[in-house]
Amino acid sequence: MASYWAVCVVLVAGSHLVAGTAEVMSHVTAHFGKALEQCREESGLSTAVLEEFQHFWRDDFEVVHRELGCAILCMSNKFSLMQDDARMHHENMHDYVKSFPQGEVLSAKMVELIHNCEKPYDDIKDDCERVVKVAACFKVDAKKAGIAPEVAMIEAVMEKY
């Protein structure tokens, strides 16, 4: 009976952690997305793709447009999240995610997922093409890990940023 309760406590604690990380991810997404308009022209992102980008976490949003990779690269550079070679700057990404309420619960997992998604595409020379593939991989892996936010969560925190 004691082991049953121990399992229940672990499951409940784990479910709160997943919910907490998804909530933190909603803050990260909302804040990061604020740089999109600044990067729209620079990246050649069409108005249609710009409007779709707000639905990044929806299952039916396809992360495939090269211009989206350019926009993500531009946005990442606004927050110093990339190194000169257009790969994630691990320390800066940790600090960025930790800057949000309860960000420390998400930071390591997010950096790990992005880093693992960078590896298979490392040989792609076109930075925008590589970044969009990494973003697509990250979206899938974040959903699998249970840290992807619901669109409603993002909308709820948008006004803070």
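All positions are counted from 1 along the displayed chain.
Glycine too: its Cβ is placed from the backbone N, Cα and C atoms.
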| query | In Swiss-Prot, Cys117 is listed as disulfide-bonded to which of the following: Cys128, Cys137? | reply | Cys137
| Looking at Swiss-Prot, which of Cys39, Cys128 bridges to Cys70 via a disulfide? | Cys128
| field | Selected from Cys8, Cys74: Swiss-Prot disulphide partner of Cys39 | value | Cys74
| query | How many Å separate the Cα atoms of Cys74 (disulfide bond) and Cys117 (disulfide bond)? | reply | 19
| remark: Between the C-alpha atoms of Cys128 (disulfide bond) and Cys39 (disulfide bond), the distance in angstrom, to the nearest integer, is 13
| field | Residue pair Cys117 (disulfide bond), Cys70 (disulfide bond) - Cα distance, angstrom, rounded | value | 17
